[in-house]
Structure formats: structure tokens, C-alpha cells
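Swiss-Prot lists 1-15, 405-438, 491-504, 551-674, 730-735 with the feature topological domain 'Cytoplasmic'. Annotation source Swiss-Prot lists transmembrane segment at 16-36, 384-404, 439-459, 470-490, 505-525, 530-550, 675-695, 709-729, 736-756. The Zn(2+) 2 binding site annotation in Swiss-Prot covers Asp179, Glu214, His312, and the record cites similarity to another entry as its basis. Sequence annotations record features per position, and here Swiss-Prot assigns active site, proton acceptor to Glu213 based on similarity to another entry. According to Swiss-Prot, the region 'Disordered' annotation covers 572-623. According to Swiss-Prot, the feature compositional bias 'Polar residues' maps to 574-587. As annotated by Swiss-Prot, compositional bias 'Acidic residues' applies to 593-607.
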Amino acid sequence: MARQYSRTNPLGFTPWPVTIITALVYLALVIPLLVVQHVVPSAPGSDPAGLNLTEAWADLQVLTNGFHPYNSHRNDDVHKWLLQRVHEIIDSAPARSTDSAHPPAVFVFDDDQSNLTFSGRGNELGVYFESTNILVYIRGTEDDETQWWADPQGQPASKGGVLVNAHYDSVSTGYGATDDGMGVVSCLQLLRYFTTPGHAPRRGLVVLLNNGEEDFLNGARVYSQHPLSRLPHTFVNLEGAGAGGRASLFRSSDTEVTRPYARAPHPFGSVLSANGFEAGLISSQTDYVVLEGDLGLRGLDIAFIEPRARYHTDQDDARHTSVDSLWHMLSAAVATTEGLVDDASDQFDGAPREDGKVASGSGSKAVWFDLFGSTLAVFELHTLFALSVTLLIVAPLVLLATSIALVRADRMYLFRSTARVPGSDDFDEGVSLQGVRGFFRFPFLLVIPTGVAVGLAYLVTKINPYIIHSSEYAVWSMMISAWVFLAWFVSRVADFARPSAFHRVYVLTWMFVAEWVLLVIATVYENRYGLAGGYFVFFALSGTFLATWISYLELFALPRKSEYARQIAPPSRYASNHGSRLGTSSGEHGMDDAEDEEDDDGDDEDEARNVEEEPTESTSLLRGRGQRTTFANYVRVTGDYLHGAGDDEPRETHVYGREQAWSAGLPKWTWVLQFLLSAPIVLILVGPLALLLTAALRQTAQDGSSPLFVYIAIAVLTTLLVTPLLPFIHRYTHHIPLFLLLVFTGTLIYNLVAFPFSPSNRLKLFFLQEVDLDTGVNRAFLSGAHPFVYEVARSLPSAAGQNVSCDLSAARPKCSWYGIPPQVQATATPDTADWVSFNITRSADQPTRARFSVAGQNTRACRLVFDDPVRSFAVLDSAYDPRFPHLSPQGTQEIRLWSREWGHTWTVDVEWTVPAVDGESRGVSGRVVCLWSDGNAPGVIPALDEVRRYSPVWTAVSKLSDGLVEGSRRFEV
């Protein structure tokens, strides 16, 4: 009896085991990744020592019971409340504990003296800002016990301390629960924790509650002028760019400062997010860039990242977050800060710097990523570079050496079409091995599905670009289902037409080459630009290399080619009157590929008669019977060729389907090991990156970013995630692919026709009202995605009957109409010109200089906007710092003025360079603008109230500029 290919082996390389095992592995990894992404670890049932979660949540509710931007009276109330809470926490610390440990000394600073002038974006923006920061210094056990900060030139004698920073201002349209209320209450709990006996820090700890972050990171910049800024060398910045979920490690300076974060109970994040910030994929910034870039500290940026639709809106409130999210940030902050303040080494202390920045030493570039939200892998980029170079050299050499060994062992079937029969003459064509079959499949398997996925990205961008805003998993399902189905279909067509036992090894070889090239690119970027986001390529190539090597080692189980050729009967021909046959059955025939494709000259009657006959084991295999017609006029040959010419010898059938007979010797279970080496590592590392990118970018199109980039990124990530299936997908049964075809059909239709926004995933519209105080004319502006912004604007009652004009040229279109006049003054002021007062005095001896005195009623934020840039400016009584240049070679076109006092008068000296006309120097012109940002009371900004009341439930309102209302007056000098 003939030996049958085992179809009951649960690990055999047959359809059902392959389908079930690969599907289960993918599900077993994808489901936990989704859980980690969307389920926040529960807060502990009882408060950990030194912390009080109930108190922290109550503080968050108080902090977020109103909008509190810097330019609002509610902001002053928050400032007073925070000072009160700081003193309450300090006073509540026990005098001593049972182990006789004393609480550390604590000093509180209400900074109402510091100010600073600096330049802003594009260097054509100047900013003057006055501090209302709150600083708390917890003296470390090894700190200098003198009050060195009392001396204007005093310097701490101890090692560098640690700064924990959060900002307590919100935007004018958001309550600031995650941006940055959770950071603020976490700072309060850190204050409680480190003033609890037994938790005293070794290094000094500075807790900074800064004010003015939302208006260009002003609070962090002016912090640089406080004496305490000379103490910290490292920092932890707590931020929020979403509205709940897990707090992610956004960025870090180096390996050494990142390692303490690994102590967090639930670390979360990837170094790729830092690379994304560097590439400008996310437009907003945090205080990290000031602390790390301008001041020279080394630290981390821990922030909430999703959903961005709630960011800077009225849904950034306590109701839309949770105690669990608060605990996730707080636990990470405690673990990281404790690791930094207890560090006894000198790794964060360096030599004094000539540029005036903090002497924090230098660290090594870091690679870091979490594993299932429970462990953080962190190591030096240099280590990754060394490992990458080693793998790039060693892996090809190992495969080359194995190939040479196979050649010497006469078992190198790869890339071999024939084998010579020992002792044959030179004219003998040899025995066909069909070892080249399957080599060219991979480009088609990769390019066709990827091309279709990219095409889908363009299609969705063209038809319904914002669908990912609310339906990201519908987009992912569409991409993955299309990719897998097409890959399966192409592989099945190829396997049907030209069966090959080498499909797996050839696809793995192609994957190895492709990933080797990717690793070369990633390694170059690591070395030249310090970008570590390609770390996953190293691990992917490592797994693919081992899987490929196993396939090469499997070939040692095959018979020697010479022995195999000796056993094979002389070559014969098969033909079909239906067309050429590209793929044959088992390779014992000795037929080469050209002979496979010859036509059959037999008549139809003989063929029909042969098909009707019942074949037996003794039936001749050279009679043309057993053929069956397939699509595309190909004929599948079912007979096996025997050793010798006799018909009574048993045939070798220990092969799969119509694959080559010599493959009977290949191991049947090693595919499982290969799959486990190549696929899980990709899912574990690339899967979180895909979810992180989706969460961070899926709702950025409303901010003016290109949605096409996100769809293309998903298409590319789909390819990375599913490519490990390609070596095995030709063995899949039809059940999953056909199901995925249905999924693709449904999700494609949905993604093209569904409305992209919902009450839980709202479209942000950005509001601003401008008032010409000279004429009293005002216009309300809404900016947002087209055409939705126009539809909302024209539906408002005040816009009825008006010609709503829209500027569609910008990345984020802006529509305007004559709005309802604002009532931003505390008392009725009929003449709008009185809202802003200014005086300009031109210098008599210097005709290109003038002094501006500017003030606004019921505001502490104004601007000077010039028609042409001025050469220089200086604000009276301002501090200047060489670390923050305030002048630009291109000049300054706008000067922003912020004060801690209401109705403050700023004095600004301006100098300009304008060519003389008729011997007389020309002056300058522009506008004096003041801002009003307090939208807490109804009726103060009726146009904003109207937008909130009458806009659809799927829209949200955010600020377009620093102010909600901007009133301006014209000037000429």
C-alpha cells in the first residue's frame, strides 16, 4: 500500500493546522494588545502609603469646575486654591513616624516677581510674560541646608535635584481635567508622598505648578528666572493631550533618565512617539521642549494622548475621565520621581556649561517600549546599533555558509531546476527538480495586497477622509481583510498553477532580504540622526532570520540530488488539449518546466474514457489518465512517477498535494517553530506602534493635518503586521479568507458612506471673534474641516440672511460673519474704543524710535501688531536671558504682552528701520490688540454661546487663538 500524507497530524503543514494555529496565535496576541490600549488598570482598593486617591479625585473636581485660562478671573481663584492646598498638605504631614524618621523641610514660593521677554515661533514674534507660578521645594537629605536661593547669585552646593512640572491653566474652551488637571493633582499627591516620614528624597525635589502653558509655554520659560531653577538637573513633565486612558511616556532625554520610569507598575509608550514629535507629526508642544531644550535639563514627558477630539473642549472634564486614569499617571509619576530623587550617582551632574544651561551632564540615546503595558524595555541606542550591525553581518554569512554546506552535501535543491543522473553523458538533460518554482511569488504576494491597501487609502481620503475620526477600527478591518484575502488568493492561484514545496522557504528568504534592507536603513538613521523608532526591524529580522535558517537546515533531510536522480524513471511528457500546464505533480516524472507546458495531442474520446476509469495502485502512471481540467486551461496531473518502469511498485505519496516528490523527506512540524519565531515578535512590537499611531493621529485631520498620511501609515503597518503570514498562507483553508472578503465588502461600503462624526467623537470647530474698536464692527470666525464648518456657520441664527464668507485656501478653512457684539467689560461701556487705550511718544532725537504705553480694560493680555517688522523692542522692567533671545535678524512683527495684574499698562520701546522719504524718516503703523478669554459666564460672549447652543451634537468648540475675543485699534507713528 502507498504511504499517505498524514492529514491528522495536529502540527502538520496542512490546511487545518495552519489555519487554526496561525489564527489562534494572532488572536491570542491582538486581543491583549487591544485590551492594553483601551482598558486602564484599576486603581488600588486602598490608598498606598503616602497617597490619597480620594483626595486627589476631589481636588480634580474642584480644579475643573470652570474654564481657567491665564487671562481669566477663574485662573486667579485656582491660584489661591492651589496655594491653600499646598499648605494644607504640608501642615498635615505627621511630625515623625514610628521609625523616628523626620519629614523633610519644605519651602513654598508664590512667584509674583519673575518676568521674561523672549522670541516665539518664526522669530518674528516677541513675548513678554509675568509669572504667577507656584514652586514647592522639598529639601533632600543630602542637600545644602542653607537658603542659598536668598542670594541673587546663590548656587546650590548639593547634587542636582529633580523637578516635577505641571501647568494649572486650561484653555478658554476646556475644563482641563487631563490638560493638565491630572498632572496638577498628581503633583499635590507627590508633595504629600515625599513629605510623609520615611519617603524623604535623597536629592532635592522641586514641584512646579506653572501658569501660562497654553499660551506658548510661557510659564515654563519664566520659571527659568526663579532662583530654584538652578537646582534641578532632571525633570518629570506631566501633561495631557487627550482626555483619559493611559498616560504614555511621550519623550525622554536619554537612557539613564528613562530607567526609573521602568519602575512604574504599568509603563506605557514607545520611543517612536518621540520620533513622531521630532518629525512634526503632532503640532502641539509641551513644557518638555523648554525644560530639555532651552534649560538643558534631562527628563521625561508623560502625557495622556487620546481621544484628541476631547482635547481643548468642554469634554475635557472629570466626567469623561476616571480615577483609574488618574492612578495610572500618579503611579508612574511616583515611581519615576522616586527613582530620580533616590539616585546616589553622579550621572546627572556635569561640568558647568558656557551656554548657561544646567550642568546636568550628558546621557546616552535611549530605546524604550512597553510590553503589554506591564514591563518597559529600555536600553541604549548604541547597543541597538551594535546588535544591528552584528545581525546585518552574521545573518547573511550564516545563510551563505549553510547554503555552501548544502551544496557540498548535494542537498541544495533551492534554485535548482534539474539534477544530473550519475554516469550520464553530457547531452543528458537531467531529471527535473522544479526547485525554482515559487521563487517569484513573494513580489506578487507583497505588492498586490499592499498596492490595493494604498489604493484604498487614497480612495477613502478622496471620498470620506474623516471617517477614521470616529471609526478607526472599521478602517483597520478594511485594510487587513483586503490584504489577507488578496494574499491568500494570489498564493492559491500560484500554488494551483505551479505547486511548489519551496513556497515557504522562498517567501522567508525574500522576507529576510527585505527586512535586511530595512534594517540597513534603520541603522543608518540610528547612527546619523539618533532615531530609534526603527528598533522593531531588528527584532523582526532576528525572527525571520531564524525561521529562514530553519528552512535551509530542513534541506539536510532531503535525499542527495544524485541519489534522487538515479531513482527517477526516464522523463515523459504529458499534454492536454485544453492548453499548457504550468505546474505538474510530484517531480518524479523527470519533466522539466517546458515539458509541463506542451499540448496534448490525444483525442477527446480517449481522455473521456480515461477519466471514467477507476484508477488503482497498479494503474499505469504514463497513460495520461488522472488528469483534471482546471481554470485558465491548465491541467493538473495527478499521477506519480515510479522508480523504474514497472507498474507494480508502490508509489511515493508522502507529499502534499501536487508538490514535488522529493519534498516527502521535509519535516512536517517545523513550520510551527518558524511561525512562532517570525510572527509573534512583529505583533508584540509593531502592534502597539500601530495602535499608538492610530490613537495619536486619527483625529488630527480636524487640526489641519493631512488625513492621507494616517491612511497610508495604516496601509504600511497592515503590511508589516500581516507579512509574517505569507510563508504559510497558501495552506489556508478558504473559510477565513472568504469571511474576510465579506468583512472587506461591508467595511469598504461603511467607510465610504458613513458620517464621520458622533457625539462621542466630535468635530472640533475653532472660534474667534474680532472687534474693530474704532468702528465697532465685529466678525465671528469658525475654523474647521470643510464643508462641515460652512454648514454649521450658516445654520446659526445670527448668520441667517448674511453672506457667510469662507477662506478655503488654508489647511484649516475659516468662515466668518457679522456676529453678536461681545460684552466682555465688567461694566457697560458704550464706546468700544475705551476697551483699549494706548499712547505713542516718538523720540525727538531718534526719529526711528517710539515708546508705546498700552492697556486694556478687564484683561491682562494685549499685543502690538506691526504692518512691517520692527528692528528691536524692549519692555520696561523686563528681564532678559541669553538662553531665550528676544530679537531676530528678520525683525519682530508682533509683540505679545502678558501681565499678572488686571488692567495693567505695559511700556514698550520700539525701534524700526524704514528708508527716509523726501529727507524725512517714515514711521510705523499697525494695530494695538487686546484679548478677552473668560467664557465662564453666559452672555459675556454671545456669539460663542450661540455656537455652543445651536451647533450640531457632533461638533465641539475650541479656541482659535489665545483670546476668544480680540479687540483692536489702528495706530500710525
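A Cβ is built for glycine as well, from the same backbone N, Cα and C atoms used for every other residue.
Quick caveat, the model's predicted, so the values are computed rather than measured.
Mapped onto this structure are the features recorded in Swiss-Prot.
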residue: Asp179; record: Zn(2+) 2 binding site; contacts (Cβ under 8 Å, 6+ apart): Ser170, Val171, Glu239, Gly240, Ala241, Ala243, Phe304, Tyr311, His312, Asp316
residue: Glu213; record: active site, proton acceptor; contacts (Cβ under 8 Å, 6+ apart): His167, Asp169, Asp180, Gly219, Ala220, Thr286, Asp287
residue: Glu214; record: Zn(2+) 2 binding site; contacts (Cβ under 8 Å, 6+ apart): Pro69, Tyr70, His167, Asp169, Ser170, Val171
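Same-chain neighbours of the Zn(2+) 2 site beyond Asp179, Glu214, His312, judged by a C-beta within 8 angstroms of the site's C-beta center, are, in sequence order, Ser170, Val171, Gly174, Gly176, Asp180, Gly240, Tyr311, Asp316. Tertiary proximity for the transmembrane segment (675-695) is limited to same-chain residues at least six positions away from its ends with a CB under 8 Å from its CB atoms, namely 21-22, 25-26, 29-30, 33-34, 36-37, 242, 245, 248, 269-270, 272-273, 276, 305-307, 369-372, 468, 472, 476, 508, 511, 535-536, 539-540, 542-544, 546-547, 550, 710, 713-714, 717, 720-721, 723-725, 727-728.
As a whole-number mean, the pLDDT of the topological domain 'Cytoplasmic' (730-735) in this prediction is 96. Most Cβ pairs under 8 Å with the transmembrane segment (384-404) belong to 530-550, among the candidate stretches 470-490, 530-550, 709-729, 736-756. Note on the transmembrane segment (16-36): residues 9-10, 268, 372-373, 671-672, 675-676, 679-680, 683-684, 687-688, 691, 725, 728, 731-733, 735-736 of its chain, located 6 or more positions outside it, place their CB under 8 angstroms from a CB of the stretch. The largest share of C-beta pairs under 8 angstroms with the transmembrane segment (736-756) comes from 470-490, of the ranges 470-490, 505-525, 709-729. Remote same-chain residues near the topological domain 'Cytoplasmic' (730-735) are listed as 13-16, 18-19, 22, 488, 491-492, 494-495, 503 (criterion: CB distance under 8 Å, separation of at least six residues from the stretch ends).
The Cβ neighbour count for His312 (Zn(2+) 2 binding site), using a 10 Å radius over every protein chain in view, is 26.
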